[in-house]
Amino acid sequence: MSPSTQTITLSNGVKMPVVGLGTWQSSPEEVIAAVKAAVKSGYRLIDTASGYHNEEAIGTAIKQLIEEGVVKRDDLFITTKAWTNQIAPGKLESALKESLQKLQLEYVNLYLAHMPAATNDDMSQQIASPVEDIWRQFDAVYKAGLTKAVGVSNWNNEQIGRALALGVTPVHNSQVELHLYFSQHDHVDFCKSHNVSVTSYATLGSPGRVNFKLPNGAKLEWAPAPSELQDAKVLSIAKKYNKTPAQVLLRYVVDRGIAIIPKSVNESRIKENFDIFDFSVSPEEIKKLEESKISQRLFAQDFMIGHPEDAFANERK
């Protein structure tokens, strides 16, 4: 089986590649080259979001790849996400159509609610829209054929359970922060018990998060966190398999049955992140890696504080 055909099957039968290219913090200029390099290296999943402000550039890259005969549209799995203002009442369908226009696509393969907390357009006001109402909008765009699958990002178990309890289109995928030092076993177990696939973001501990800038150019303050890339057990396994620490951290998650979307705009790093199919991390090695018992969420999503759908409210107590 070639790396590009390794997939996770969603509950509606859609097959999602297990490794994709993440594009958060990838500028429009960078992302065209990154997407083209990734697809030519074997990637078939590209993950973006309206909030990344690069859908248009990704659409350009996809169009060029198809025109060059590198891939067909059916070969690609494109994920995008609706931001907090777009999940507000009555906003979702037009938001998805706008994303499709930018991506130059008739459908996306997976559409996610980027957060469970709705806001107005400039995020200055929280909108108390319950996740049930948000999910009904996702049910509608799925049934309209605008996306092949629907899911959530940064939702907690209880919120996903409430969406599933509606009895409409089920949640097909949950994309969450998940890495060695934030292993999310409870969430993964919950999702697996309800036939919801899981995608990890920040799989490498997101070392690049410290470079993130707000639209006004300001940088955020990030809490200090130990580097997973320098973890002694990671380094030991990397040496054993003649792999890099990054490849071990990626494989650790894949071997737990979870999809990954590592971000890079560096062509050699893009290739390295995909070169993880010639070894595996055993259950015993996974246990060994997790012996440190470190548990640290890197992305607190503080803007949700005070919102009735703050997914991390219990963690903040």
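Here the Cβ of each residue, glycine as well, is placed from N, Cα and C on the backbone.
Because TrEMBL annotations are produced automatically, they should be read as predictions rather than curated entries.
Per TrEMBL, the features are:
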DOMAIN    20-292  domain 'NADP-dependent oxidoreductase'
ACT_SITE  TYR52  active site, proton donor
SITE      LYS81  site 'Lowers pKa of active site Tyr'
BINDING   HIS114  substrate binding site
Integer Å distance between the CA atoms belonging to LYS81 (site 'Lowers pKa of active site Tyr') and HIS114 (substrate binding site): 5
LYS81, HIS114 as recorded positions, winner by CB count within 10 A: LYS81
Between LYS81 (site 'Lowers pKa of active site Tyr') and TYR52 (active site, proton donor): CA-CA distance (Å): 9
Model confidence over the domain 'NADP-dependent oxidoreductase' (20-292), averaged pLDDT: 95
For TYR52 (active site, proton donor), the number of other Cβ atoms found within 10 Å of its own Cβ: 23
